[in-house]
Amino acid sequence: MFYLFVFVKLTQEYSRIISSKHFNVIRRKQMQYHLFINLCQQIIIPALIIKMKIMQKCFMIFENSELENQYQLGRSLSIKKPVFICSIFLTFVCNLATIIIQSTFRAIESQYIYIIFTFITILEYITIVLMNKIQFLQLGITFTNIMIGFAQLDGDSSSTTKGEYYAYGNVIMQLQAVLYFISSFNHAIFQVIVHLILRLIITTYQSKQEVDFLLVGMGISGGLMILITVHYYESRSRINFIQNLQENKLEDAYSFIIQRPYFKISLSESRMLFNLNTKHQIEEFPGFDEYYCDGCNARNLMRSYTNENKQSIESLLLSQKLENNGYWIITFKKQTFQIKYCKVDLQQQNYLIILQDIDIQDKKQIDIEKEQSKLEYFLKSNQDFQHKKFFNWGALSILMINNKIIQKIDLRLAISKLIHIYKKYLFTNLNIDIVCFDQNLHIYSFKNQLKIFLIQIFEIISKIQYYDRTEIKIILQRKGCDALIKFENVNKIQFNFSYSQNFFIQHVQSLVIDYIDLSDCIGILIRNHPIGTFNRK
């Protein structure tokens, strides 16, 4: 038993030693792993990020890939694609013309370079333009520019003068420079390096002499100057792209930031006219007319709004003597309110016009007008039965008797509708015949007052005809600019009595008619373009 006890103790002790050693090894490895992770997080990864940012900054690439794709797409559609099409078209025409001209005195096999160039331009046009593979456009520009550099191989010193060499070299360099400037900066670097190597190799091969170090130095210096210029214009282009993007985002956020009715306008200097760019709740501006477009409303409001010195907003903005932002106290049709303006572009005349607080009394008046509109809508939407219709006519007459709005009215159509309603709902045996001597019976008159006047007139003649049982004849004709309505076979004494006692007629006749004649038959001259206009629609 003693030996067994000793054996067990030794076994346990050995296991403890082994376990402790294994634990220490594992712990040491874990510590090394954590140390490596910390080293990566603190030194290696930040160094890689800094290196990537430096590379992105040097090669002019946005960190945001979506932004970079959007920029490249905009550049491709605006400038790269048109220039690329022109360059490959010019290259194709020149190569084809050279093949045709030189085939008369040179073997076709010696023109391999032009044949290859022609085939490549056709392939590029089909792939990028016809198949609309915009993602390969920059590669096509780079390949075309490098391909132009191989044109130096075709130089023949025996048949070409020095002046022609110089002229052709200038033309080729101009084409290459254009393709440099429309390329992305990283592609421009690649193109410049390849062109420099090509020139040195081809020049050394053709001259069969040692490398000219002056040519090498001038080539490197010229390439660096080109890359510096391309880098500068590429950075300006990207900054301009970001600024335009920020302006568009800011315009989208105007309504959230301002939270007041506003509209933004810009001046067209050629027409000396303000155009509407953006707007938010423009219908809240006093004097807004729903029958006009938003642009016309903005211009009309600027011409109608005047400050304390009776100067319109439009004249103040055109004078260009304003500060970049400020306030106006505006008076418009017995309303007084505050307008805030802000110049949002320092180069062009772009202004933001914001509606500020309206006086309490003016707010009450606006609320009354809104309630009148609601009541009018309610009455118009409840015309299902006969008694409701005529009750609504009376209520609307009371409500709209002082609402003076001028509108174009078809007199014949208005009278025909009235006759139809009276026959259908009130006097089923009403016998009225209409005769029109003129096709055009459109007039401009006070819409609500003319409706009230005609309703009361037909109320009178319908009652007279109901008792007399005679056919009434209505004659419509032009009299100058005005419209004349004649009523034949109507008892003039009864008509005159009812006409003179009618409350509504006495209140609106001065606005809608010139005179009423009772000598032969009843003649009413409806005035066109009446005096004392308020709002015109």
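Each residue, glycine too, has its Cβ placed from N, Cα and C.
TrEMBL has this to say about the protein:
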type	residues	note
TRANSMEM	31-50	transmembrane segment
TRANSMEM	83-105	transmembrane segment
TRANSMEM	111-129	transmembrane segment
TRANSMEM	136-153	transmembrane segment
TRANSMEM	213-233	transmembrane segment
Best-contacting stretch, by C-beta pairs under 8 Å, relative to the transmembrane segment (83-105) and drawn from 111-129, 136-153, 213-233: 111-129
Same-chain residues at least 6 beyond the ends of the transmembrane segment (111-129) whose Cβ lies under 8 Å from its Cβ atoms: 81, 84-85, 88, 91-92, 95-96, 98-99, 102-103, 136-137, 140, 143-144, 147, 150-151, 153-154
For the transmembrane segment (136-153), distant same-chain residues with Cβ under 8 A (at least six beyond the ends): 72, 76, 80-81, 83-84, 87-88, 91, 113, 117, 120-121, 124, 127-128, 172, 175-176, 179-180, 182-184, 187, 190-191, 194-195, 198-199, 202-203
